[in-house]
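Here TrEMBL flags 61-263, 324-361 as coiled coil. Here TrEMBL flags 368-697 as domain 'Kinesin motor'. Here TrEMBL flags G448, Q449, T450, G451, S452, G453, K454, T455 as ATP binding site.
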Amino acid sequence: MVFAGREDVEALLNEKMKGKNKMDYKGKSEQMMEYIKKLRACIKWLLEREDANLIEIGNISARLEAEGKEHSETVAELKNSIDEARSINEELQKQYTSLQETLKKVETEKMDALRALEEEKDARISVESVKNELLEDLKRNKLEEKRLNDQIKMLQDTNKRLQEYNTSLQQYNSNLQADATKNAETIAKLQKEKNTMVETMNGLKDHANSVKMQLDLAKSLQNEAAKQKNDLLKEVEGLRMELQRVREDRDNKSAEVDSLMAEIGTYKEMTGKTAMELDGAMTRTTALEETCSSQRETIKTLKIKLAAASERLKMSDLTALETMTEYENQKKMLESLHSRLEEAEQQILDGEKLRKKLHNTILELKGNIRVFCRVRPLLPNESGAVSYPKSGENMGRGIELMHNAQAYSFTFDKVFDHSASQEHVFIEISQLVQSALDGYKVCIFAYGQTGSGKTYTMMGNPELDDQKGMIPRSLEQIFQASQTLNSQGWKYKMQASMLEIYNETIRDLLAANRMAAQDGGSSKYTIKHDANGNTHVLDLTVVDVTSISEVSALLRRAAQSRSVGRTQMNEESSRSHCVFTLRIFGVNEGTDQQVQGVLNLIDLAGSERLNKSGATGDRLKETQAINKSLSCLSDVIFSIAKKEEHVPFRNSKLTYLLQPCLGGDSKTLMFVNLSPEVSSTGESICSLRFAARVNSCEIGIPRRQTQMRSSQ
């Protein structure tokens, strides 16, 4: 760049950076480098100009010195002339006139020299001011260059931090997934330990009950032994009293015998009674001695019984003490097991809370609204126009489509090719289904042109295990997980409903009277939202379900009532939006926790352009209503992503019904279904472009960028 003057420098300084958008760092960086090159050229020009000015200033200074020297010499000559004139004043009187003229001439030259000197001083001052201005400009340019370098460095640091932040996010996501897996294993281990402890506790309870029964029996035996002891003590006391009485009787009898013997002697001596009386007295004495002997034997027997009773009582006391000790030990062991069981249950509850938190965090990192793409297999006599990246970061996430010799590339959260099975697809959405059981609002819907496999993806063939769609598989997972959580104290109640939106009219697919359900007017089946964000459709059939078999029966009943029709795009095309809703109410009796989740599984009607569907009459009205509601759905999603104050939920029955599930902390997943045949590429590109716009939306939290490009 050539600089002609100060105007070019000012134009360069006033030049502003321009970019395609605020985030076009690459374009701005290139402009900044170009701007720095211009600044360097400008600085070089200023330095050259400064050198020229310095040279000119040197020349002027040299001239000024010469003129000063000449002026000094002139002044010296004038002084000499004046001295000579004074000394020879008299001699020069004759030349006075000529000297006056000479003096005037010299004075004139002197004035000219002074004026020249003043002009040179002014020129020097102006040169100094220009030099100062140039120095200031140079200083400003250096500061500007430093500022620009700082900005470039800051942008580089920002870019580096963004890359580090992206890497840390990926690392954090992998850590969260590893922690979730580890916590799931810990929960399973704790659950197994809990079951073992419950079995042990049940065994200990049975053992404690048996010990308690033994203790009760021992207590009863102890009471009976105590009673027997008391009876024996009473009996011994009685025997002792009787023994004392017998002894007293014996003593009395002995005294009586002695007295009798004395009387006998006396009688023999004094009265001389007959031998018969003596024999009678002897007989009575013998009888008394026999009575005393038998009483001695009785006393001995009673003493033996008393000793046996005392020993039995002592043994009974020891048995009761051992039983009480064992009972206390069993009681302490039971309390310890209860404590460990409570700790294990608390750990399981804490692990379940952590699992829910990590599970929700992982889903939020993936994005609260996600888009999957699924391509149906080619039919006989069809040629394909779809390909997939074989390597790189877009493998499994990218899809390429050829249309009119032009390639279109799109990238989504996940892309399933024609070989993907129903089970493979469901594995990717199973975590989202789990969120409904955790108390979140979940919405999964299939979008795409007629004949692209939406109904197969969502419903499939429920009668064949390998062909079951997302709806029956999701319900199976919900019921299996709820049964597993029963062991943790959770009790679930589930309610199912199913409706279709046909020509902006709601029809109840579970109504007992099919004709009455299809005759719903504007006042019937009104959509209402309560303060808690729950949606209710007045007069809609809601069925309490407790097993997957009940839900399967409801799905079969609803399939018979669904509106289908024939178009040029499909032999049997879905002409309505089908919405299956499962409301989940959970209560944990141990922790008083409550959850309320909603799972909406939606099979949207086929999108198609009027000129290609060949629709006329009623089919034309159906197609117009379908396309209008799908357009309203896209408007709602984009309004939420832009955080607009007004979101047009009421523009369509479909969007108004799904209002609570399309914002906040709800989880939304869209399947975009594609037909791979060449004749459908126009419709496929429209579907992919809509899906790419949805995939780029940020709802709930910021998420990753989505790629979409077109190449020749």
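Quick reminder: no glycine exception, Cβ is built from N, Cα and C everywhere.
The local packing around K454 (ATP binding site), expressed as other Cβ atoms within 10 Å of its Cβ over all shown chains, amounts to 28. Predicted-model confidence for the coiled coil (324-361) is 68, expressed as mean pLDDT. By neighbour count, meaning other C-beta atoms within 10 Å, the densest spot among the binding-site residues G448, G451 is G448. The Cβ neighbour count for T455 (ATP binding site), using a 10 Å radius over every protein chain in view, is 23.
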